[in-house]
Amino acid sequence: METRTNEYSRKGAMWELERNLDQPMDAEAGRLRNMYREKTYPTILLLRLAFQSLGVVFGDLGTSPLYVFYNIFPHGIEDTEQVIGALSLIIYSLTLIPLVKYVFIVLRANDNGQGGTFALYSLLCRHAKINIIPNQHRTDQDLTTYSHRTYEEKSLAAKIQRWLEGHQFRKNLILILVLFGTCMAVGDGILTPAISVLSATGGIQVEEGRMRNDVVVIISVVILIGLFSMQHYGTDKVSWLFAPIVFVWFILIGILGAVNICKYDHSVLKAFNPVYVYRYFKRGKTSWTSLGGIMLSITGTEALFADLSYFPVQAIQIAFTVVVFPCLLLQYTGQAAFIAANTNQVSHAFYISLPAPILWPAFAVATAAAIVASQATISATYSIIKQALALGCFPRVKIIHTSKKYLGQIYSPDINWILMVFCIAVTAGFKNQSQIANAYGTAVIMVMLVTTFLMIPIMLLVWRSHWTLVVAFTVLSLLVEIPYFSAVVRKIDQGGWVPLVFAAGFMIIMYVWHYGTLKRYEFEMHSKVSMAWILGLGPSLGLVRVPGIGLVYTELASGVPHIFSHFITNLPAIHSTLVFVCVKYLPVYTVPPDERFLVKRIGPKNFHMFRCVARYGYKDIHKKDDDFEKMLFDSLLLFVRLESMMEEYSDSDEYSTLMMTLPNNPGISNGGVTATGTSNVMEVMSCTSSHDSIVPVNSKSNDTGSSQVMPASGQMAFQTVGDEIAFLNACRDAGVVHILGNTVIRARRDSGFVKKIAINYLYAFLRKICRENSAIFNVPHESLLNVGQVFYV
């Protein structure tokens, strides 16, 4: 009590007034904590999911044998031992990176079943306050899907947490690392279709030796145009074909590899002895530069993690260890045996080693597998962009659901055509596998390095692993990845510059957009309207209150936005009910629909002002406006009923007990809307005690038991909850208007040259070409009201 008195005296009566009238949403947040647990699946179902994962997850990794050896030995081979040394590196790279690092370690670092760079970032944001935009609240931790841990004060995890949170530079560094990995993953989405389709169609030259390379490039471009043109149909209609195609592909390459080992040179089996890795590097500089080609054997590994959302971890582990890993080992070993016996036929070694009768069937399967691999990477790119958009790191683009059954299957027409243009440019510009492979290898190794560095705080904070295990994981990962990185750096001038250019372009766009978003949020935070000013206007807010509901969209989860004062001072009338709507994204993969909305009242009841926070995860997408509007209004009615029920209580534990019983009480109903659905998360505080001592200007209490017009304010005072619900229903019937603030930021005159370019030109251009907020929220134009303002940063 003494502490509160000191705080009151220090911050003054005005602070106390605003605290009482616009309280945080602790009481409205849910108390249920149903932490995520790894689901258990029956054995038959798990095997079926493992089979299906072949078509979504492993297509890229499975098509690598089409081009690996050609890129290792583009100028031919010297002797058999050189082939054995390269094969030994391939074997142990496949073992250490895809099998050990990803399948058995990194896959465990999923965000409730979601994978990828942003999934790792969301995990870190929940365990340490490193999110640059500070729009999170402790009530968000009550979400079912929000899992996090607390640490002992002197533990290593607590020290790491404080170190990460201690300086803005470290937060920015992690954000830049995440954005860089994301940009490289987008580059992977551009390069995978190019090299996969070009390598597959290159098999035509084996049968038609006189066919020029330009014809192969044209065929590849036609296939790519067809692939990107069909994206708007979604993968749901053809996904049932993916798994059988890739399964047949793996069986084909496995059998072919075993046959080639027996037919040509089984001495290549010596490559399983790691001593040949040492001997390979002793051969000199040529062996070191060939690492870029060897690294292509593990391309597609990052897709194991990025496409995790479709399947459980156990299914991917079974598919990789039982089918993918053995078949890849057999194929690479068989190809090495063929090359050792035919040293002058490294180019298209896969197709040349095929028996003549199955060449064309194998070509058809290879082309289909390449298309499947490209499709998986393109779909993963859409998801990455969606995650970046949700966290305020990418301009608003159109996102479309292509499947009613699977939430994760989305399509972005803007991103699709950008990918197609870049992909065709790469394919037609380079015209050969070697330079595209160098670019591809650069993108892949960068993503792997980013994953390694992000796994360090994940293991310390989320898993609370012993530091020796973290050191062992980091050393073993970098022991493989650093040599590959040094090899691809040597080939930057031979095509490796392509993903760096893509990454730089996307990085500038993402960072500038995030910077502008942050500055807009900071402006909103620092220019909030004082509650005392609103109270001084009276229940009518100094205007004519016309029938209807006004939804005022804001980025603030607390307080009244500055745009509202601009609106009040420039218009003669305002709606009789106002709802300040904050749509915010949280670092979770999804927010269950029954936990989406938090509602509370702003000011006294006869002001008819509410706040609604609509929370979304980075996988969620806004439904159509009618659904969003209906859910919001239902939550508002539920809040009014529960608030009325809670006014007689004063103990928060009693609130929780009552809330736990509400979902099973069908009797709480009025006007055809029952108090269920969101009741498990909408816990209501009794604000009456804090408002009773506040008498707004010209307000009167209603002693007659029925609603009546207040003389000065024109507002209604309600004796019963039914009166207020009837009033809200009448307001809704009168019409709903969506009020959107259009805040434009400009750099100050004394700002630096770089800042002026970034804000006044680049950010302004991005805002001009990106989708409007009204389109994102699906607001009909006849119900839209835009309010603009300019401020300088």
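Residue 1 is the first one shown; counting continues down the chain.
Here the Cβ of each residue, glycine as well, is placed from N, Cα and C on the backbone.
A TrEMBL annotation is a machine prediction, not a hand-curated record.
Some features that TrEMBL has for this protein:
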type: DOMAIN; residues: 49-534; note: domain 'K+ potassium transporter integral membrane'
type: DOMAIN; residues: 547-790; note: domain 'K+ potassium transporter C-terminal'
type: TRANSMEM; residues: 82-104; note: transmembrane segment
type: TRANSMEM; residues: 172-195; note: transmembrane segment
type: TRANSMEM; residues: 215-233; note: transmembrane segment
type: TRANSMEM; residues: 240-261; note: transmembrane segment
type: TRANSMEM; residues: 318-338; note: transmembrane segment
type: TRANSMEM; residues: 358-385; note: transmembrane segment
type: TRANSMEM; residues: 406-430; note: transmembrane segment
type: TRANSMEM; residues: 436-460; note: transmembrane segment
type: TRANSMEM; residues: 467-485; note: transmembrane segment
type: TRANSMEM; residues: 497-518; note: transmembrane segment
type: TRANSMEM; residues: 530-553; note: transmembrane segment
type: TRANSMEM; residues: 573-591; note: transmembrane segment
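With a cut-off of 8 Å on Cβ pairs spaced 6 or more residues apart, the transmembrane segment (406-430) and the transmembrane segment (318-338) reach fewer than 3 such pairs and are scored as not touching. For the transmembrane segment (358-385), the list of distant contacts is 55-57, 59-60, 62-63, 66, 116-118, 182, 185-186, 188-189, 192-193, 196-197, 199-201, 203-204, 206-207, 223-224, 227-228, 231, 235, 242, 245-246, 248-249, 252, 300, 303, 306-307, 309, 350-351, 394, 397, 399, 408-412, 415-416, 419, 619: same-chain residues at least six beyond its ends, Cβ to Cβ under 8 Å. Sequence-remote contacts of a segment are chain residues at least 6 beyond its ends whose Cβ falls under 8 Å from one of its Cβ atoms, and for the transmembrane segment (436-460) they are 67, 71, 97, 105-106, 109, 117, 120-121, 123-124, 128, 156-157, 160, 164, 174, 177-178, 180-181, 184-185, 187-188, 191-192, 194-195, 198, 292-293, 295-296, 298-299, 301-302, 305, 426-427, 430, 467, 469-470, 473-474, 477-478, 481, 484-485, 488, 491-492, 494-500, 502-503. Using a cut-off of 8 Å between Cβ atoms, the transmembrane segment (530-553) and the transmembrane segment (467-485) share fewer than three residue pairs, counting only pairs 6 or more apart in sequence. Sequence-distant contacts of the transmembrane segment (318-338), counting only residues of its own chain at least 6 positions beyond either end whose CB sits under 8 Å from a CB of the stretch, comprise 46-47, 50-51, 53-54, 57-58, 61-62, 64-65, 68-69, 83-84, 86-87, 90-91, 94, 98-99, 103, 247, 250-251, 253-261, 263-266, 268-269, 271, 297, 304, 345, 349-350, 352-353.
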